[in-house]
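Visitor: Pasting a structure below so you can have a look.
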Amino acid sequence: MTDENEENDDEGAWLQLRPVEPLPSQCCGSGCSPCVFDLYHRELARWEAARASKDRSLLNGEEPQSCPSRLSPETFLAFRISAMDRLTEDTYRVRFAVPRNSQLGLRPGQHLILRGKVDDLEIQRAYTPISPANAEGYFEVLIKCYETGLMSRYVKSWSTGDTTFWRGPFGDFFYKPNQTLSDPTQGHRQHGELLMLASGTGLAPMVPVLQSITDNAEDETFVTLVGCFKTFEGIYLKTFLQEQARFWNVRTFFVLSQENSLEKLPWSYREKTRFGRLAQDLIEELVSSCRRKPFALVCGSAEFTKDMARCLLCAGLAEDSYFLF
């Protein structure tokens, strides 16, 4: 009887060590690799092997980190909120401190996963830093809050000095200076201009890519950026975009869905603003006005991304001539 009790106790101990399967809310839905479910299945396989061999030391499968503050796609790291700026009624620009004044280690356009907890429910969402890839000691993100969003409730509870948890980086887009310029010695498709199509906070991945170009005096890539917003007041990062538009190789345009009067806009915006929605006719006009053969970057809602991909194909771009964030 004693042996049976010990066996039951041992079985109970192993069951307590069994990894817990993530809830659907813990997946951000961005196609990250590894996903929280990938990590779960990896830990489950390790647990099953350890249980079969009755060797708990096999559960300690993590390799020691030489730098505990280094980003990891698998492990959440703590970052303190150093500043919060409310840009619009529902959107915040949040700055996070990076320890030892170091760099975050992202490529322009890559995103991170934020972990939050609301009513004991863990949630995870993807956000793309808008700070320069080489920023030292900090990174910044744009976060739009929604009336019924769980992560929005979590973000609205933040205050300067709070600690948040992130993992990453993720994202397959890789920008290399001048890689889009025409090169007759290369056999693959070449492009001479980036056409950035962004809706709302879809502007986020465009910002570090654009800044990496204008910060590099040797990068001669042309950029045409189109930002889609509801109103003029709702345009994010106006000062930054105005400064970028002063560079010889950058053009900015805006499409406002809930405005209808140019007279109400500042003079500097009137010639580069359209009303309504970004549709086929304007996409064709933009593609034809590009100074070099364009490669398009698209980011926004799922509906916006799908519509833009269709419009770009109809405008003559091949499927390998655009990237959907």
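Cβ coordinates are placed from backbone N, Cα and C, and glycine is handled just like the others.
Taken from TrEMBL, the feature FAD binding site applies to R125, Y127, L142, K144, M151, S152. Annotation source TrEMBL lists domain 'FAD-binding FR-type' at 74-176.
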Visitor: Based on Cβ atoms within 10 Å, give me the single least packed residue among the binding-site residues R125, K144.
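Guide: Fewest other Cβ atoms within 10 Å, among the binding-site residues R125, K144, is found for K144.
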Visitor: Quick one: give me the count of other CB atoms within 10 A of the CB of M151 (FAD binding site).
Guide: 20
Visitor: I'd like the number of other C-beta atoms within 10 A of the C-beta of L142 (FAD binding site), please.
Guide: 21
Visitor: Check each residue in the chain of Y127 (FAD binding site) that is at least six apart in sequence and keep those whose C-beta is under 8 Å from its C-beta; list them in sequence order.
Guide: H111, L112, L114, V141, L142, I143, A204
Visitor: Suppose you look only at the domain 'FAD-binding FR-type' (74-176); what would the mean pLDDT be?
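Guide: The average pLDDT of the model in the domain 'FAD-binding FR-type' (74-176) works out to 93.
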Visitor: Which chain neighbours of the FAD site, leaving out R125, Y127, L142, K144, M151, S152, have a Cβ atom within 8 Å of the mean position of the site's Cβ atoms?
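Guide: Going along the sequence, the neighbours come out as L114, V141, I143, C145, G149, V155, T201.
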Visitor: What number of additional C-beta atoms lies within 10 angstroms of the C-beta atom of S152 (FAD binding site)?
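Guide: Summing over all protein chains shown, S152 (FAD binding site) has 18 other Cβ atoms within 10 Å.
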Visitor: Among R125, Y127, L142, K144, M151, S152, recorded FAD binders, what is the largest CA to CA distance in Å?
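Guide: Across R125, Y127, L142, K144, M151, S152, the two farthest Cα atoms sit 13 Å apart.
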